[in-house]
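Copied over from TrEMBL, here are the features:
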- 1-35: region 'Disordered' (REGION)
- 22-31: compositional bias 'Polar residues' (COMPBIAS)
- 45-68: transmembrane segment (TRANSMEM)
- 88-106: transmembrane segment (TRANSMEM)
- 118-140: transmembrane segment (TRANSMEM)
- 146-166: transmembrane segment (TRANSMEM)
- 315-503: domain 'Bacterial sugar transferase' (DOMAIN)
- 320-341: transmembrane segment (TRANSMEM)
Amino acid sequence: MSIEATSGTEGRGGAEVIGSVPSPTRSTASVRTAGIRSGRGSSRLISTTALLIDLVLILLATGIGVVGRNSLTIFDEAADVTSVVTGMAVWLVPLWIILLAAWGLYRTKNMGAGSLEYQSILTATGITAGLAAAVLYLTHSQLSRGFFVLEFTVGVVMLLVGRLTLRRFIQRARGRGLLLSDVVLSGTIPHIDEIATVISRESWLGYRIVGAITPPDDPSPHTTRGIPVIGHIDRLGEAVRTVEAEAVICAEGSFPGSRDFRRLAWDLEHSRTQLIVVPAMTDVSAERLQVRPIAGLPLVHVEQPQSEAASRWGKRAFDIVGSSALIVVSAPIMLAVALAIKIHDGGPVFFRQVRVGKDGRLFRCFKFRSMVVDAEKLLAQLRTQNESDGGVLFKMEKDPRITRVGHVIRRFSLDEFPQFFNVFRGEMSLVGPRPALPSEVEQYEEHVHRRLDVRPGITGLWQVSGRSDLPWTETVRLDLYYVDNWSMTQDVMILIRTARAVLASAGAY
C-alpha cells in the first residue's frame with residue numbers, strides 16, 4: 001500500500017494517532033493542541049514561511065546581481081546598474097513570486113517530499129527569466145546582461161537550497177509531532193490499518209490520524225490499531241466535516257462504485273479538505289504514471305518497469321567515474337582502517353565473501369574485516385539467535401563476533417569502502433539492491449529473483465530506509481521498487497541520503 005510517496009522514507013519515528021477510545025461520536029476538540037502542533041494553522045504557517053523565505057532570497061539574489069555586476073572583473077566595465085535594477089525590481093520580484101505561486105509552490109501538499117517542488121522552481125524561474133527578457137527587449141531597457149545572468153543563476157540556486165533547508169526543518173518538526181495535518185482514513189479495517197502503519201513509519205508525511213470511517217456493515221468501534229471509528233462510509237462527508245480533517249485518505253472499500261466517489265467529491269466541494277485515493281497498484285513511481293482522461297474515464301497509463309535502463313551505459317559510466325573518485329578521496333581513510341584492524345588482532349585486513357551479482361553471476365565482495373577471524377565458523381552456533389523476522393538474512397544487534405574496531409567501522413559503514421573496487425570492476429554498482437549470499441538466494445521466492453536483474457549496490461533504498469532495522473519483507477519491497485522504477489535522479493538522491501544515514505549511524509549494527 002502506498003500513500004503519495006512510495007519510494008521515500010525520509011524520516012523515522014511515528015505519526016500521531018489520536019487515541020483508541022471506541023466511541024464513534026468522540027469529539028476531537030480535547031485532543032487538539034494549540035499553536036503549530038497540528039491542523040490548518042500549521043499549513044498556513046508552512047506556506048507563509050515558504051513565501052517569506054522565497055521573497056528574502058529573491059531580494060538577496062537581486063542584491064548579489066548588482067554587487068557582482070559592478071565588482072566582478074569578468075564583465076566589461078559599464079555604468080552603474082543600481083538605479084535601473086531598482087525600477088526593475090518593482091515588477092520583477094512580484095512576477096517571480098506570482099509564478100512560483102502559480103506552480104503550486106505555496107501549497108503544502110506539494111512541499112516536503114518528492115522532486116515536483118524542485119522541478120516547479122526551475123520551471124517558474126525559467127518562465128520568469130523569459131518574460132523579463134521579453135519585457136526588457138520590447139521596452140528597450142538598458143540592463144546589463146551580466147546582472148541578468150547573475151540574478152537568475154544565483155536566484156534559482158538559492159531558492160533550491162532554501163526549499164531543501166525548509167524541507168529538512170518540516171520533516172524534523174513532523175518527526176517530533178509538530179506541523180501535522182489532521183486526516184481521516186476510510187475503507188475496510190485491514191486496509192485502514194495498513195495505511196496507518198505506513199503513516200506511522202513515515203512520520204515525514206506529516207499526517208495525524210483523527211479517526212477511521214468504515215463500511216456500514218462493520219460494527220467495530222475502533223480498528224485493530226486502536227483508531228476510533230467516527231462514522232461510516234454512507235455518511236463519510238459528514239464525518240470528515242465533524243472532525244474538521246484537512247484530508248481524507250480513501251483506501252479499498254471506500255466506494256461501492258464511481259457514483260459514490262463522485263457524491264463524496266461533491267460533498268467536499270466547498271470545504272478545504274483534500275481527497276486522497278490510495279490506488280490498488282502499489283510500488284509504482286509517479287514518473288511511470290500518466291493520467292489521460294478519455295470520455296470521462298481517468299485512464300492511468302503505466303510505463304514499463306525500468307530494470308533494463310538500470311543496466312545501460314549511463315549508469316555504468318556514472319559508477320566508473322564515481323568509484324574512481326571515491327577510491328582516491330577515501331584512500332587515507334582506508335589506510336587508517338587497515339592499520340587499525342591489523343594492530344588490533346594481527347588478523348587479515350580484508351574479508352572476502354562470495355556474493356551473487358547481476359543475472360546470478362558469483363563474485364568476491366571485498367569488505368574490511370569487522371569480525372573475529374573465525375566468524376564464519378561461529379555463525380552456525382548463533383543461528384538460533386537470528387533476529388531477522390524473515391529468516392533469510394542473519395541479523396543480530398549485539399553480535400559477539402564483532403571486534404572493537406569492527407563496531408566503529410560498521411557504525412559509519414567504513415567496512416564497505418573496499419567495495420568501491422567491486423564497483424570499478426563492474427561487479428557492483430554504487431546504488432542497487434543489497435548483494436546477496438548464495439545461501440540466501442536459494443531461499444528466495446520466485447518474485448524475489450528479480451533483484452538479480454541489476455548489479456547489486458553498496459547502498460540502496462534499503463540502506464537509507466533503516467538499514468539493519470528493516471524486516472526482510474520490507475527490504476525485498478524496497479529492492480524491487482528500485483529495480484522497477486530506476487532513474488539516475490533517484491540514484492543521486494539515494495547517495496545523498498546515504499551520506500546522511502551513515503553520519504547519523506541509524507540502524508547500523
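Every residue gets a Cβ built from N, Cα and C, even glycine.
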Report, as numbers and ranges, which residues of the same chain sit near the transmembrane segment (88-106): CB under 8 Å and 6 or more residues beyond its ends.
47, 50-51, 54-55, 58-59, 62, 117, 120-121, 123-125, 127-128, 131-132, 135-136, 141, 143, 155, 159, 163
Positions on the same chain near the transmembrane segment (320-341), where near means CB under 8 A and six or more residues out:
347, 349, 368-369, 403, 405, 409, 414-415, 417-418, 420-421, 423-424, 430
Looking only at residues six or more beyond either end of the transmembrane segment (45-68), which have a C-beta under 8 A from one in the stretch?
36, 81-82, 85, 89, 92-93, 96-97, 100-101, 105-108, 111, 146-148, 150-152, 154-155, 158-159, 162-163, 166, 170, 179
